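Novice: So TrEMBL lists these for the protein:
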type	residues	note
BINDING	Cys126, Cys129, Cys144, Cys147	Zn(2+) binding site
COMPBIAS	516-525	compositional bias 'Basic and acidic residues'
DOMAIN	549-651	domain 'TRNA-binding'
REGION	516-538	region 'Disordered'
MOTIF	11-21	motif ''HIGH' region'
MOTIF	297-301	motif ''KMSKS' region'
Amino acid sequence: MTRFYITTPIYYPSSKLHIGHSYTTVAADALARYHRRLGHETYFLTGTDEHGQKIERAALAEGKTPIQFVDEIVAGIKELWAALHISYDDFIRTTEERHKKVVQKIFKQLYDQGDIYKSSYEGWYCTPCETFWIESKLKEGNLCPDCGRPVEWTKEESYFFRLSKYADRLLRYIEETDFIQPASRKNEMISFINQGLEDLCVSRSTVRWGIPVPFDEKQTIYVWIDALSNYISALGWGTENDELYRKFWPADVHLVGKEIVRFHTIIWPCILMALGLPLPRKVFGHGWLLFGTQAEKMSKSKGNVVDPFVLIDRYGVDAVRYYLLREVPFGADGTYTEEAFILRTNNDLANDLGNLLSRTTQMINKFSDGRVPEPDPASDDRILSDLAAEVLREFQEAMDRLEISSALVALWKLVDRANKYIDEQAPWALARDPGRAGQLRTVLYNLAETLRLLGVALTPFLVQTPERIWDQLGLEPAQVRTLSWEEAVAWGGLKPGTVIRRGSPLFPRIELPKENGDSVAKEGRAQSGEPAAGAAQPTEGVAEIEYDDFAKVELKVAEVVEAERIPKADRLLRLVLQVGEERRQIVSGIAQHYAPEELVGKRIILVANLKPKKLRGVESHGMLLAATAEDGSLSLVTLDKPDFPTGMRVK
Ligand code: MSP
């Protein structure tokens, strides 16, 4: 059976974790869920890296013992992972006995075989990073090349690991395999090794908060040997109970942020080589999630950390997970802004996916008595089924390359195509023609089946939405989950006759917050220039006209077949209207009076021969009639015979 072992870095519990840390963990979770869904035996490890001077100092500053201090933070980290539905199999803490024993065993073995030796060390030391630096690597002004803070000249007796001994083997491994990804990070590491590797200081005599060197109590094991060993200590390597180690090692993927790629691709493989253990198959270095329009690194001192709990409370776990997985191509740096978050949620989740489900279930209710219809073989088209097969292939290939964001882009091709399919096939028109009843059944079936499949493919990413989709389609989520991947993605899984359960919108649209909202709204009005189409005109001072003048205005019955908000314009909706055989797009200033969902299916009156005009960049080919009361409330002019056909002239 295929096995898959994935890890996140173990986080420093020095302060609360922010959205950047959540990014790594949600990505690892998506990959773990994906492999589990494929039926692979999967092990997903995360945890905390609790030793070192920084933690000791932070605890002291709060008048706590280090263990009290980390216990509290670790509890918060576990709560965060629960809120994000992180499906880890194990959470390792480096302060646990099971870990300490393994680290001491590793240290002793390397010492006994001569790979660790005692010497004294003098050098430039960065206390926050707990790293010694050779002078040539420092930034100008004696600053740490990683964090940019001043380094101190430090001298002490320490143990050293013969890193240099393994440099050639390591270089070969890196050059000949896909061990380091993305490729840009591989090249960085190759040139780093080519500059020459120095032996590594692996113990400290000045740090107390750590694992003691087993044969020299004055020395504490230096954090990177301690931290990196978690990937095998959690599997029970070197203990009597090493079943997990035998099953899952070597790791398939260590997911890490770009600044710790070096530790994972140089120190860690050398330790493993010295221990005679297999090397991990892949280290994937992702970029950072930066903050705001200035793209700053999130930090407590800058006061720009985004608290994931707040986002989850406000927008729901799936919106947060989707944003993290979709927004930034995995590997590159990305920037978080609340506006981008809201736009992403509104566009992809509320509009594209949410509307697809709500339109489909609404039409099944209306045209098929609330039951999934039997498709008609005579009028089968393979538009959605063929695309679904193609998109699922692309999605899998992208996930196998760890390109999570591309996998979502592939799935949204199907979402977009399905929305377009509704417009092209116009089920409301088919419903009026008894001769096309078979085609109507096929179209509705294809849409519902596409949504079922999307639910399946979205399970690695979203944790509540797939079940909500299946539930609205009348399926038992537990049943869908027990199917094998092949069964679940085979076209035709949805049984005709299933009674659907239309529910609330998947993702309510989010209004931009006031501070941003004001400027966005102002911009929206200024750009529209004059009252948006659909807003009523004042009657005072309007001249009398002849009948011929009135006859110049072409009024027609139209049905709203699609409605959506226009991003960054809080008053405008984009409507697609059916006008007889014709399709029209108009922009209407009624967003504050009608939700897009309530408009679909309504018959309204269209001013059909109004000159086209662009509003907020969207073409408007006409306007609809509405009455405005003195208090500003608005009522659309509709027909009292709602079945009156569209395209009819109104006089
Ligand atoms: N304890 C070490 C890792 C040891 S692994 C054997 C550590 N901890 S950390 O808490 O500082 O960072 C953990 C991970 O979070 C790193 O991979 C880091 O890149 C990631 N991130 C921290 N802030 C981040 C962003 N703003 N954006 C993306 N990832 C970020 O390093």
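Placement of Cβ uses the backbone N, Cα and C atoms for every residue, glycine included.
Remember, TrEMBL labels are computer predictions, not curated facts.
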Novice: Can you break down the motif ''KMSKS' region' (297-301) into helix, strand and coil residue counts using DSSP?
Specialist: 0 helix, 0 strand, 5 coil
Novice: Looking only at residues six or more beyond either end of the motif ''KMSKS' region' (297-301), which have a C-beta under 8 A from one in the stretch?
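Specialist: Cβ under 8 Å, 6 or more out: 15, 18-20, 288-291.
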Novice: To what whole number does the mean pLDDT across the motif ''HIGH' region' (11-21) round?
Specialist: 91
Novice: Could you put numbers on the helix, strand and coil content of the domain 'TRNA-binding' (549-651), residue by residue per DSSP?
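Specialist: With helix first, then strand, then coil, the domain 'TRNA-binding' (549-651) has 7 helix, 52 strand, 44 coil.
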Novice: Near Cys144 (Zn(2+) binding site), which residues of its own chain have a C-beta under 8 A away, given they sit six or more steps off in sequence?
Specialist: Cys126, Pro128, Cys129, Thr131, Trp133, Leu138, Pro150, Val151
Novice: In the same chain, outside Cys126, Cys129, Cys144, Cys147, whose C-beta lies within 8 angstroms of the Cβ mean position for the Zn(2+) site?
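Specialist: Sorted by sequence, the hits are Thr127, Pro128, Thr131, Trp133, Pro145, Asp146, Gly148, Arg149, Val151.
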Novice: Most Cβ neighbours within 10 Å: which of the binding-site residues Cys126, Cys129, Cys147 is it?
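Specialist: Going through Cys126, Cys129, Cys147 one by one, the largest Cβ count within 10 Å is at Cys126.
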Novice: What does DSSP assign Cys144 (Zn(2+) binding site), in three states?
Specialist: coil
Novice: May I have the DSSP-based helix, strand and coil counts for the residues of the motif ''HIGH' region' (11-21)?
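Specialist: Residue counts in helix, strand and coil order: 3 helix, 1 strand, 7 coil.
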